[in-house]
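All remarks here apply to the structure that follows.
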């Protein structure tokens, strides 16, 4: 089940000073690195961070950080010097730099051979097709006429256009209804020096996510399959496990995630975002090779949170149990609101939110609030899904400063 | 129920920069501050640390720290400048310095008027007697003859001698069987410039601990009463809740802790260590006004861990639920062993410990291993006490490098 393509972990032994834990380099100082840092406190794994700028989310909680550009190989070499392993807050480090680090003897986890599938959607689609993993029909397209031909093949417009590289959180994605609407996508692609991938617009019932942690030794831990709700291309709410999900389909989703992790030789967390189609199939939408928003529920809701298992996986330590600790867990993102007196001062939300729900778990990321920006999340868990969902939704709405229909 | 003695929180409002969370000063860089730091990541509460030395446990995970002497008022003023609140990793900051900080307008939580009861055992005993809280019989003694008279009053030797200030983890405590054995205690007291408190040696069934969090507003959260096992005066193992504890006695223990917290105006965590006597009473042994070893189980075992509730309490935020998440939680300390190949390299313990028990939670403190030193703890939880206890004991024994009767 393992590929021989990735030379970065020929050996699973970890270089470290005698009697000291290995130092882990983390590239990128966002909230994912911040939550890795929180998990690293308990495991006593020292982290050296490469931050984009002073004072970013993870740099606030990691003494050993330097500020620099992850697109610069010299900077990457400086931050990884003396580190046994390097892992990532995001997937934007250039493949050739990862290869150079691997050649230097730093274990990149995930390695460049795996990560390219999370960086380049065309490469990902080609590889998943080879593996027989079900995906929406897709093709790389070069102009509007090409999109038109693709639309005809898949039953007509609308179709989805995506830049092959660089998109995230709804950026780099267009839904087009006619050939004449394709201009912005191709202009963006030319500007960014990337290609455009066309995909059929899938009629789906809902979105699911299957998360696994995989270690270089090949151990895999599969989290319960969750339901995720997106708004404007951004993760809004996650329910674990996905309510009323057919058991066979849940197993298939986990099997797909495990297959992709093993065949692409992923190390660390792999998130497989899926469509559950109207006709009861699952299709792979996106891959992410890092802790993922659809796994944040696990910090409070699972025996082992995704951030701890990511650390354990990239250090090739035995993985922790991914099982849920209670019947239902709901995570709702706190997005920067565009209105409301609290939206620009999250701390001011505490007196109400914490007093209303003593069982709520709050995670704020230390980021300044901008409309639509992910600045935190809340998690509620318990036995009754409706009650759990109401608690999480209310708290997130309060922090957003959104006193609309979801807060009461 | 509240005392007017402590002027440090006349107002419960917290000074902070507009739109920013308040900065919390923490004095002392041990594992308690380290675990506060871990909890502060999620709440997004910036911590400024005063560390005893470079690289101590909490300084490893807190970017904003300075190194200095907590007995120096100038240093304390430097670290608390601009901070709304100061709290503590230990109880050794001189009372007069705390009073000076309070006069400067920094909210000391707990305040000097409360903390003196955790610093001075004679003051504590006097106050608890006034409150009608049951304690072992006790008296301040000035020489061996005085100890002899006290022994006669309480039914004879042996009696327990304690320095009134400065003792912890079994240090500053002597059990004496005759007047002639009192020398070392009085010598130590003279050297340290403190007094000696004599206490009856209580015939007890076991030791219990009642932990509460209390906020300046007067909100209190009471954790389940736990059983603690000490070895050589050091906490060894904690079981939550205390098995087979009479329900009325458990309630009385919680009531005692709530009374002490309110009457002494404690803010933050208060741990009340208790004897459950052979004849079925509870007597207060010690008070601690900070997160406590007998509360470490709550990080993984309770809805809200003691470190998060300590932060919420000292910031006067609403407290989180202290309830247990499952029937049984067992915490075992990892103490530095004096033998075994793993005892000086905790990381080397991971492959076995984590693979054997995927549900185990490990907390290492980043401290160098010395015989008897607390360098970490493990927590197991579940439905079956025997199984949970075996898992936690085995893991701690493995980390200790102790392959004796407790590891198998």
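Using N, Cα and C of the backbone, Cβ positions are placed for all residues, glycine too.
Per TrEMBL, the candidate among B:121, B:171, B:231 that belongs to the ATP site alongside B:162, B:199, B:200, B:201, B:202, B:207, B:285, B:286 is B:121.
On the 0 to 100 pLDDT scale, the domain 'ATP-grasp' (B:125-315) averages 96 in this prediction. Sequence-distant neighbours of residue B:121 (ATP binding site) (same chain, six or more apart, CB under 8 Å from its CB) are B:162, B:163, B:164, B:165, B:167, B:197, B:286, listed in sequence order. Site extent for ATP: among the recorded binding residues B:121, B:162, B:199, B:200, B:201, B:202, B:207, B:285, B:286, the largest C-alpha separation is 18 Å. In the three-state DSSP scheme, residue B:286 (ATP binding site) is classed as strand. Around the Cβ of residue B:207 (ATP binding site), the number of neighbouring Cβ atoms within 10 Å comes to 20. DSSP gives residue B:121 (ATP binding site) a helix state. In the structure shown, across all protein chains, B:199 is the one of the binding-site residues B:199, B:286 with the greatest number of other Cβ atoms within 10 Å.
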